[in-house]
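The annotation transmembrane segment is assigned in TrEMBL to 26-50, 97-119, 131-150, 255-279, 299-322, 343-361.
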Amino acid sequence: MIINVTEVQDINSFSIFQLRKESYEILWAFVPILTLVLGITIGVLVIVWLEREISAVIQQRIGPEYAGPFGILQSLADGTKLLLKENLFPSRGDTNLFSIGPSIAVISILLSYSVIPFGYDLILSDLNIGVFLWIAVSSIAPIGLLMSGYGSNNKYSFLGGLRAAAQSISYEIPLTLCVLSISLLSNSLSTVDIVETQSKYGLWGWNLWRQPIGFLIFLISSLAECERLPFDLPEAEEELVAGYQTEYSGIKFGLFYIASYLNLLISSLFVTVLYLGGWNLSIPYIFVPELFEINITGGIFQMTINIFITLAKTYLFLFISIATRWTLPRLRMDQLLNLGWKFLLPISLGNLLLTTSFQLLSL
């Protein structure tokens, strides 16, 4: 039997080429994920810096100014400090629950970013049930908080975990009903379809004008889900030291710190997507790109514009949440539950019934 050396070399070269091609495809699949994670990280650092600067202006004091220009590197310095701190474990506590709790809180929130569209094609996963995925995944985070509170072997931590679970259940239902109303108006559960539906009529096509009651309920429920003032009962310092975070230090405490801002950012992004038209500017451009021979219908320029518009609307809601922190006092636990169950839930249910009735009449 005669073996053709040239054919064997060709086969080996083809096999190596296919192997390299598959390897490049696998590596390329992680590029969007890494890009999104990098963008989220930068976004959280910017939010922390903005909150400190806005809080300083409201309280008429000087904010961070030494770490970098305008103190913009202060968040990075604080994160580095947390990484270098020692991780302590409570005596007689459940170390497994104590360690897993922060990871569950962060991972469950990070998964929600996969269905956020920053443009028509700028989305990690355009699912037909995108908004339901966010609701389902975000409801896992309080489980991590409850595990952390129970595993800490501390009464204040456990009470903070119980408060977080009760608060999440109370405000998750009105928030879900508001999302259902938006889905009925858009005839879709896809975040991209919801944004596209709002773009048909320009600025007046935003769901903000068609669902003003739902928008207010969604706004209040989002603040409660993020445990921001006046809904920060799970970590009320005057009552529970630091709530479920009391026994944490180092990187685990940093994970809870990051999770709170990740949750605030994802809630702001969903307000933009569901009610403010997403990436659509909805008004004419304030400059004339044709003078510079710039194509606004596609390419990197359009991608940049879409991302900028989405983030501009998002940071508007972030400013509202930060200003609310220094404006309203903290609610009592009974007031918080009464607001959720006796006020927001009936109104959101009535809003859903009205939306359903109008949709049936328009058929």
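Cβ coordinates come from backbone N, Cα and C, glycine included.
Because TrEMBL annotations are produced automatically, they should be read as predictions rather than curated entries.
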| task | Count the CB pairs under 8 A between the transmembrane segment (97-119) and each of 26-50, 255-279, 343-361, then give me the winner. | result | 255-279
| request: Sort out the residues at least 6 away from either end of the transmembrane segment (255-279), same chain, that have Cβ-Cβ distances under 8 Å to it, and list them. | output: 40, 43-44, 47-48, 82, 102-103, 105-106, 109-110, 112-113, 116-120, 122, 131, 134, 138, 141, 148, 179, 182, 191, 194-195, 198-199, 203, 205-208, 211, 215, 218-219, 222-223, 225-228, 244-245, 248, 306-307, 309-310, 313-315, 317-318, 321
| message | If we skip the immediate neighbours and take only residues 6+ beyond the ends of the transmembrane segment (343-361), which ones have a Cβ under 8 Å from one of its Cβ atoms? | response | 171, 173-174, 177-178, 180-181, 184-185, 211, 213-214, 217, 220-221
